[in-house]
Amino acid sequence: IIQRSFRVFGFRTTAETEEYQRVSSNVGKGLAVIQEELHRMRIATKAQVESIAIQKEVKDMMKKRVDLLEEIPKMPDFLVALRPHTVWEKTPVKLFCTVEGNPRPIVKWYKGGVPVDPLSAPGKYKIESKYGVHSLIISRCVVSDTAEYSAVATNQHGTATSKAMVTVKSKLLHDIHPSKLEVTLLERFPVSFGVEGSSIRLSCTMVVVPDLPNVPPLAQWYRDDTLLKPSNLVEMSVGGGAASLTLPQLAKDDEGLYTLRIFTKDGTAEHSAYLFVSDAPASVKGAPGAPMSVKAYDVNSDYVLVAWKPPNTVNEAPISGYFVDRSVTGTDTWVQCNPAPVKVCKYPVSGLDVGHSYYFRVRAVNSAGISRPSRKSGKVTLTGKEDVSVPSAPGQIVATRNTKSSVFVQWETPKHLKNLLGYYIDGRVVGAKEWFPCNHKPFRHNRFVVHGLIPGESYVFRVQAVNIFGLSEESQESSPIAVEPALATPSAPYGITMLSCDGSSMTLAWKKPKHCGGSKVKAYYIDKRDADTLVWKEVNLAAVTERICTVDNLTEGTFYEFRIQAANLAGVGLPSAPSTPLKCEAWTMEQPGPAYDLSFREVRGQSLVILWKAPIYTGADAVTGYFVDMAKKGSSEFVTLNGDPVSHRYLQVTGLEEGSSYVFRVRAVNSKGVGKTSELSEPVCAKALPGTTEIVAGVDEETGDVFLSFEACEICETSKFEWSKNYKPIGDCPRATVTAKGRTSRLTFTNPDKDDLGRYSVVVTDTDGVSSSYTLTEDALNTMLELSYAIRHPVVPLKHNLNYEILEKGHVRFWLQAVKLSPSVSYRFIVNDKAVTSGEGQKISHDVASGVIQMTVDHFTRANEGTYTVQINDGKAKTQSSLVLVGDAFKAALKEAEFQRKEHIRKQGPHFSEYLDFTVTEDCTVMLTCKVANVKKDTVFHWYKEDDEVVPETAPNVMSGSCALPLPLFSRKDQGVYKAVLSDDKGKDTSVFDISGKVFDDIINAIARNAGASASELVMQCTPEGIRLQCYMNYYTEEMKTVWKHKDSKIASSEKMRIGGTAEMAWMQICDPSDKEKGHYAIEISDGVTTHTRTFDLSGQGFLSPDVCFVPDRGRVVGGLPDVVTIMEEKSLSLTCTVWGEPTPEVTWFKNEQEVASNEHTRVTFDGGKFASLVINKVTTDDSGKYSINVRNKYGGEFVEITVSVYRHGEPIPEPKLGQPRAAPPPAQPVPPKSPAPSKTPTPSKPQTPAQSVKSPTPAPAATPGTKSPTPPRSVKSPTPPRFMKSPTPPRK
């Protein structure tokens, strides 16, 4: 543009140029103005646009904030709570409240915990909800509307409750007499049973119309038509829909027909039932019960005639007499009046002091001991001919407040003084039973100050008059009175301090009066004056309830003085001393002002807790913490207790010296520094109050609620329990409720959880600092929650669950045992889902002492199969236990029950107390033994084997209680079924013992055990065949488990190695021995548990070749004897053989292993040293048996056996068999030789078949018969094995 302008300018004239310059100058000025205006407008527009944007953004933010606030959840909270109302009958009442919450809560109304339903009583209730105000209107109230009403607000975030009491008073109560009520009895007391010394309560519930809390029905109780009156032995109550009679100390005098008679509008309503009272357990077993109805007659100065009723004796020994005891009134000492028992039910008691009062009691005596004493008689006062009576009882007694620990008592004098000496005053804590004396010598006046009482506790008092003849009756009790100081105005407040000043006003604080005057301080009044004047001006006309006040309308720079007065129910107290002059000057410092209202809690011997309130003046910034300083009283050296500021307004101080006094001060801190110190606290002594207790955590035994409980050592009428958590007041918190009763306060948690952990403290107001704290930890809370659950869901603990046992006679007892049962326990048995009761065939009972509940089934059959259950209710506790008795378990029980039933029947006659069994003697004889019971001389005992009678040599002696059958030389031939039969005119019993299988093996093992223990070492014997190794023992049979070994290898019987034995030894024959047979030999005898080993070393020099070992000169049988002989009766038998040996051998004949002696019937000869004969003339069947000949000299010998069978004429020739010995004892055992056996030592050997010649014939085992009934399975010792767990059996009722 510039270039173009220059070009154009180059072609203009001078005039044109000047004009152009003039116009350009004007235009330039106008453009500058326009540009400036545009810039201004642009800035203004921008500012306006930005302002609009900011406003829009603010509106959007506000809208979002409102929406955000509406979205914040909040649990219900009552802004205006319900308040209590007291109204007259037939007038309306309106309950209202205001509640907030997000979302909006739903409010429901309740009366006494029951929802209010307007439809249930049309026109009665009206529920409204407008503008957040919820109301319940009750029209035309009646007395029954008296109740606690509650409004419950609920939303999804929680629940809040507000409660208020509505009391409806009747204007016509004085016109309603109890007899005008309509009464209907509901639940009535049944026939009852009690025991001496226990208590019992008879009660009837009823419906009363109209139901007036202050006008209960008129009820009377009668025993056997005698009106009862309240006393120490009879307690009566009526109200709350029930009438009850309590007998706290039962005696047999209380037995009788009890009648409740209630006066109604239409007459009377009555109910009667009998009460039975049984004797208490005697101190000595068998002693009689206590006498009854002890009364005194003919009371005079000489004697008192005491009479009574005798006790009932059923199972006890007859009563032989009675002892009469006396006791002076007021003592617990009893003195026996008669030195010897009196036999009649009356006795004149003499030697009594005139003017004294006595009680009498009686004890019964029998041969077992002395009974419990009877109930004592009424008081008997002994009088003489002159007036020796005691004064009458004092009149009305009134107790009034006196001091913090004393009460002023006064009373009316007795109507009849009778030489009055004075009075005795007794006191008792309300709720306690024991009285305590207030004076210990008679007091002359009718007024007395009782000192040393517990502050805040309530007492009642009574008075007795006394003269030289004794004490009067007690006066009536005074009304309860709490130990409180008499009302007075409070003392003056003190410690006035300034907390803040802004130049025109001052904020003051002060300390409460040291003495409240027996009533809570409810108001403070402040006066002020200029420091240079004497005129006081009132600051407040309305009462100030807090100990802090702001005084306005002050002149800056002026000094002011203040004084304060406290007021209670008694009036306004004295004013405090004037404060120091305080200048009204605005505070401008950046540090905070002083903390104030320092107080102390939980003062103990070594610790305390100090609390304070935050400064009113905070300075330039908020308070961030506090320092606490401490010094001993009288010292100016303060010590800061905390190194870092504490953010909370309390501190626990420890490490104090017990008995020392301390003062404290507090300094607040903010970001600018440490502020002013507080006023010094009052000196506090590190010493606990007398009787101080701590907070106790526990669980309510009835409700299961977790609570903290505190019992104050001091309290007054105006005291309150103030609970706090972490020293912040709890107030009306839904998580916990606070209750107080007397000196005890309880903080009960609603649903305790981890949020409730912390430090809880309680302080009792209007006391000298009674307080305590408790830290609730997680472990302690969990422990209490477990206990709470157990209480709320109680279970009857069981020692043993439901079980059963089989009793004798086949009865089956089902039982369980609880750890503890109360007398009021209830239970039931359920069998297969059907409840059963005690009746025919089954008995159900329980025993409280042992905790056993049981049911006994007399006849247990297949119908009893199923599931058994016991359900128990004991108070609130419940439990049940089941037993499934089906299938194999039931079959086993049924089988055992049937067996026990049969066993019971069997044991009514002679029977086996122990069934057949076996024992093995030392000489290896097997004995079948049994034990018998319930036998007599006529009882017969028989032995049988396979149904064939066995007659032992010694007849059984049943009177000895045991019987035995010996089985000598036991072997497989003795297998079979043995039976013992016991019988007489009362019955028969059988025991069967099957010797076979395992039983046979057990017997063989028992024999092997004795035989192995007696076995000798192996010895070598040379024979014509070679070498024989022999082992001698008490008895040997081939059924024993014996093993021969050569060089640790088992030897099997063969032609080379023959194995055999006799009744007295086992042997092994080595035929044609060679070098291969050299080595170590052993025999092993096993009894199933132990192996007995005997060895022999047949090697080296100890080994002999056959040529060397052969001994041709040993005694032996050359020939002539058969193996078996069968001969007819009356024939003669000749057994003849040729023997040989050098020197000449000795010959011995045996029959059934018993040596045969030569006689007329049996003749034994040995001719020429070569021919041996045995001749039997005219044989009989008794001559059948096993015969043997033993030929032996010093080099050895031979033993040959022959079996002889004799049959009668005309009978078929029998097959030969071995003879059966009856009870022949085994032959004497020879001593094993160390060298070749001496003479008469049998050496079994038969040249033809040495291995077979020594084997005993083994008959085939007999078939085993079936088991006999009721004998138990064979080989079982006892038919009744232990069954299940035994239980303690309760005594029979």
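Using the three backbone atoms N, Cα and C, a Cβ is placed for every residue, glycine included.
Residues or ranges marked as domain 'Ig-like' by TrEMBL: 76-167 (among others).
Counted with DSSP, the domain 'Ig-like' (178-278) comes out as 6 helix, 60 strand, 35 coil. Look at TrEMBL and you will find 178-278 (among others) tagged as domain 'Ig-like'.
Residues annotated as domain 'Fibronectin type-III' in TrEMBL: 290-386 (among others).
In this model, the domain 'Fibronectin type-III' (393-486) carries an average pLDDT of 86. Positions annotated as domain 'Fibronectin type-III' by TrEMBL: 393-486 (among others).
What TrEMBL lists as domain 'Fibronectin type-III' is 489-587 (among others).
For 594-691 (among others), the entry in TrEMBL reads domain 'Fibronectin type-III'.
Residues or ranges marked as domain 'Ig-like' by TrEMBL: 910-996 (among others).
What TrEMBL lists as domain 'Ig-like' is 1106-1205 (among others). Across the domain 'Ig-like' (1106-1205), the DSSP tally of helix, strand and coil residues reads 7 helix, 56 strand, 37 coil.
Per TrEMBL, region 'Disordered' is recorded for 1211-1293.
Residues annotated as compositional bias 'Pro residues' in TrEMBL: 1223-1247.
Look at TrEMBL and you will find 1248-1269 tagged as compositional bias 'Low complexity'.
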Across the domain 'Fibronectin type-III' (594-691), what are the DSSP residue counts per state (helix, strand, coil)? 0 helix, 44 strand, 54 coil
Treating G and I as helix alongside H, and B as strand alongside E, what does DSSP give for the domain 'Fibronectin type-III' (489-587) in helix, strand and coil? 0 helix, 43 strand, 56 coil
